[in-house]
């Protein structure tokens, strides 16, 4: 006997040791659906296909287990188009898409991860069903086309409708159904796939009088998801013809900006009457445009609205007709000039007696209307032997005119003006002045224009600045006239401080505000290309060096430690300029702890606390300093405990002892319990949602908490059906640690102490029944009102137990891919057996377990019921079983059970040899006491659980007695 006790004690210690390993577990995932599904089918690899009608609401919920609480993310790929919820993932347990569109179909993935093991991923394919109105197009065979369209000719009618699933078509002529072979003059092409999907073509060979009729095309998806058939009617007559149109406007149309333009398009033929639409080469019509019939009006037109406008006529007969016109909006812009020294002498200087060319260029629309004129001192200038006015070839240099001054004289000094205009008028002229004056350059040099020159002032390169300063890069510029300076990066292809690749400067100074370290480098200053001289640009280089304080890591780190333990803090330098670091200093709050020169051989400095005491808690700062400033590492040394981790996988945590209140089993583990001093208590705060007042109490903790150890506290007197916010805070010698918050929500609980339990599966939670994770497939919640039209006939109920079409029940679907012997197991929540005296259960109580079943079909397999007791390692006890076809009606089963501890009931459906083997259950009850008048059932095997229990007890006693011999 002593040996037996020792063995039992050792087993208890082993079990307790396993428990102390904790409840940390990697995540698991299961996807459930709600919303407006048409059907949910099993697919290979236990994935599912969720079918939904376009415009309905998609709702998928990702049920996860695992501790700590896994983070959930929904993503999507491989749809009709690839998208990710508008380029963002959904971090929520429930994915909700209202009014789902066809482009949102595809495979949705739920990913859960909590840092333990690999992330758990499940997917479900969402198939969006839809059917658009069909469109009939009519064509005549090309070789037979004549002016008399469709007169004694072969005609093809094609019907196309966008759909999912693939559409089926049928043709009618009047009330007559047309099928292949029903009429020798009619030929129907079998469906073939095009870019628009399936289609059916009706061929009318050598039209006969009876072929002139109304033709109906009916598109159908067989009422899947309740989508009705759609149809279209086309009337074929001897006047049926493709469209023709005419534009009552010129091409092109040249207008001034601000004018109102009207484009008129009329139909000149076509039966049925064509529909006119307008399109633009700019992708879409202007926002202010007005379309009325065949007239397109563009009020107050702008240059941006210029382009090609097309009128398109379509009546689904033959090809659409299209006519286009171009709108040109007059404009003048970007006038500029340049001066070319004597082109026959390679000289940058312009001198008396040499030739000078003044060029003027303007961008014009339309270019053929551009005209130029020249003025000298305000008076018209005509071309002569010494003043030659020419206009260059538009193909070489469009919109350019030249004034050549041959043999420059002092009498040629003055103001020359280039005037550009458009022949059509209505657009302001552009004029450009060039001033040639005797005061430009002293007469001694006989020149009046000086080419530019660039230099960098002494001491301005390299220029050293500190990050955040305002700096000015300077280039001295000379020349007559003084050119504009262009600044750009010389050392790399990078934008300037304003984001552009070049910046302009009129005084040669580039001003940079709040300079940053990325701006270090070489800058090029360069004369503008159009600076009045047609000469090679001048340039110079300015070097900029930006100094910045050291960049260090970590910028901030929290270090949690218990009293009496060592703490080591390390501050590391990543980069700095100048790289020569001068010194470092460690401070606690504002008190200097340690300072010194930084070791040039190392890129870090350390500070160590050998034994942490209460005065050692606080904020430590390490400043690493160079000429430009200081980089700062901050360490928050604290004894605060980490937050607790709520355990969300508590089985059946909610109970109800009285009608108006409920209780909740709150469970949690402690994150990193050994990182700080021992946790002596938890402060529990609770408040009803919507109220401000918190109720608080302390939960004492005896002994040391192990990592992963599950702690429990029962919340009682919660008012039904209110939700509560629960806050839990650990307490150590340091004080309060970090808090964790969760919401406790009331849901209809399975009360373990009520005298009667009833479940009719009318609500989605199915009374907290769960699907066994180790079976082959799942039970399905269903109602006859939502049953798919493709269900297997001759099996399954036509309503729930009460006969209602809207009522729900659970059933096993035995169609493909299920095979014979596959099983589905539905497990109830735990029911507690309350002892009638404080010393335990002497006589096991009796309960009556009942349910209704429907087993109709020639391939019906087996329905079993098991009793599963908590704490018993023996296999489940079979309490009821039935096999074979029982007829097309609901029947009741009842069996008495005698559990000795908390228990569950398991309903197991086993698939038979074929698809006509659906088994359904409904209205499950559990009542205290023996079953009264159980229904007779010759095929059932009602087994007594108590016999199994007593046999097990006798075997155990005999084994122990044998061991003592």
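Just so you know, glycine gets a Cβ as well, placed from its N, Cα and C.
Here is what TrEMBL says about this protein:
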SIGNAL    1-20  signal peptide
DOMAIN    27-127  domain 'Ig-like'
DOMAIN    134-220  domain 'Ig-like'
DOMAIN    243-328  domain 'Ig-like'
DOMAIN    341-437  domain 'Ig-like'
DOMAIN    452-543  domain 'Ig-like'
DOMAIN    550-638  domain 'Ig-like'
DOMAIN    757-933  domain 'MAM'
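Counting residues per DSSP class in helix, strand and coil order gives 3 helix, 58 strand, 28 coil for the domain 'Ig-like' (550-638).
Remark: secondary structure over the domain 'Ig-like' (452-543) totals 3 helix, 42 strand, 47 coil, with classes taken from DSSP.
Across the range of the domain 'Ig-like' (243-328), the DSSP-based residue counts are 3 helix, 49 strand, 34 coil. Regional average pLDDT for the domain 'Ig-like' (452-543) in the model is 85.
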